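Quick look at what TrEMBL lists:
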ACT_SITE  Asp127  active site, proton acceptor
BINDING   Gly10  diphosphate binding site
BINDING   Glu103  Mg(2+) binding site
BINDING   Thr125, Ile126, Asp127, Arg162, Met169, Gly170, Arg171, Glu221, Arg266, His272, Val273, Gln274, Arg275  substrate binding site
DOMAIN    2-298  domain 'Phosphofructokinase'
SITE      Asp104  site 'Important for catalytic activity and substrate specificity'
SITE      Lys124  site 'Important for catalytic activity'
Amino acid sequence: MRVGVLTGGGDCPGLNAVIRAVVRKGVNEHGFDFVGFRDGWRGPLEGVTVPLGIEQCRGILPRGGTILGSSRTNPFAVDDGVQRIKDNLGAAGVDALVAIGGEDTLGVATKLAELGVNVVGVPKTIDNDLSGTDFTFGFDTAVNIATEAIDRLHTTAESHHRVLVVEVMGRHAGWIALHAGIAGGASAVLIPEVPFDIEAVCAHVETRFRSEYAPIIVVSEGALPADGTGMTLVSGEKDAFGHVRLGGIGDRLAHEIEQRTGKEARAVVLGHVQRGGTPTAFDRWLATRFGLQAIDAVAEGEYGVMVALRGTDIVRVPLVEGTGELKLVSPREYDEARVFFG
Ligand code: F6P
């Protein structure tokens, strides 16, 4: 059997660990051979392949990024996209596909599975916002990077009696902000799920200064001010899946805090630093186990599923379960953190 592998969407630490596990078990235990598709769905759409075997996977376990490359190509936004993918898979002699990606890449996988393509999904995203799995790999690494940054920012903020606003990734979900904010002792955490009141944020800033500490405000890139609070945001260009390119809330917030409180405020945007570099041990472990289960699903002919973490077990769930709805921070979880605000 010949298996194609692709990685799509925003990259994240642990992608290479999945590829390595899929290939190692696929070759050694199932006797499969492999082909890599370049840059997510662009590979099968344009028929761009690279050799993939045990040789190509040596030394990649601790490496960030993806040896296959990634893109946000959406074959459903292209004329004849599905037929071209089917033709190119046929031409490459591919019997089954392992698609490693987030909501968009696995959303495409879900539709292709319904159209008869043999596909197994592996969920990834630093945002941790995919349903059906307790965690996605990449998230733990991003949270650790953000927490270390917050730890460092505390000391410089205190030296200069400044407010530091830390903007982290998280388009729809505030998981990175919440986990890193709690771990880093933030004065407030602002997430997309709960529109914030700028006056309340400023009150937390004043409280923190009164106790002789400098405030650190952690904000998800997708966080929004509540209606009627006098803050507006500009929106940017869109990608092939219709997502607006985010970024900028940190600067806006720092400006607004400075205007309203008279305290100096600066913004730090962690951006792609959160997605780069070596995965944590947890992410390597999770990615490896996902890869092993994904290739077993292929071996058993169980398609249209994605692997998922439930407790400490790796299970298979219908792709549609993982992609139908995003996993957001619940009001209960957010409220737990409020006791530390201010
Ligand atoms: O999908 C994960 C993510 O990290 C989002 O939080 C963020 O909005 C997006 O990727 C940015 O990705 P890029 O800059 O690669 O388009």
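Numbers run from 1 along the shown chain.
Glycine is treated like the rest: Cβ placed from N, Cα and C.
You'll find the Cα of the residue listed as 'active site, proton acceptor' roughly 7 Å from the Cα of Met169 (substrate binding site).
Between the CA atoms of Asp104 (site 'Important for catalytic activity and substrate specificity') and Arg171 (substrate binding site) there is a gap of 13 Å, rounded to the nearest whole number. Sequence-distant contacts of Val273 (substrate binding site), defined as residues of its own chain at least six apart whose C-beta falls under 8 angstroms from its C-beta, comprise Ile145, Ala149. Candidate recorded positions: Asp104, Thr125, Val273. Those with a Cβ under 6 Å from ligand 1, in sequence order, are Thr125.
Sequence-distant neighbours of Arg275 (substrate binding site) (same chain, 6+ residues apart, CB-CB distance under 8 A): Gly10, Asp11, Cys12, Pro13, Gly64, Ile126, Gly138, Ala142, Met169. Here the Cα atom of Arg171 (substrate binding site) is found 12 Å from that of the residue listed as 'Mg(2+) binding site'.
The residue listed as 'Mg(2+) binding site' has its Cα within 10 Å of the Cα of these recorded positions: Lys124, Thr125, taken from Lys124, Thr125, Arg266.
Looking at Lys124, Arg266, the recorded positions in this record, the fewest other C-beta atoms within 10 angstroms of the C-beta turn up around Arg266. Non-local neighbourhood of Thr125 (substrate binding site): Gly9, Gly10, Cys12, Gly102, Glu103, Thr136, Gly138, Phe139, each in the same chain, at least six residues away, with C-beta under 8 Å from its C-beta.
Here the recorded positions are Asp104, Asp127; the one with the fewest Cβ atoms within 10 Å of its Cβ is Asp104. When the Cα atoms are compared, Lys124 (site 'Important for catalytic activity') and Arg266 (substrate binding site) turn out to be 32 Å apart.
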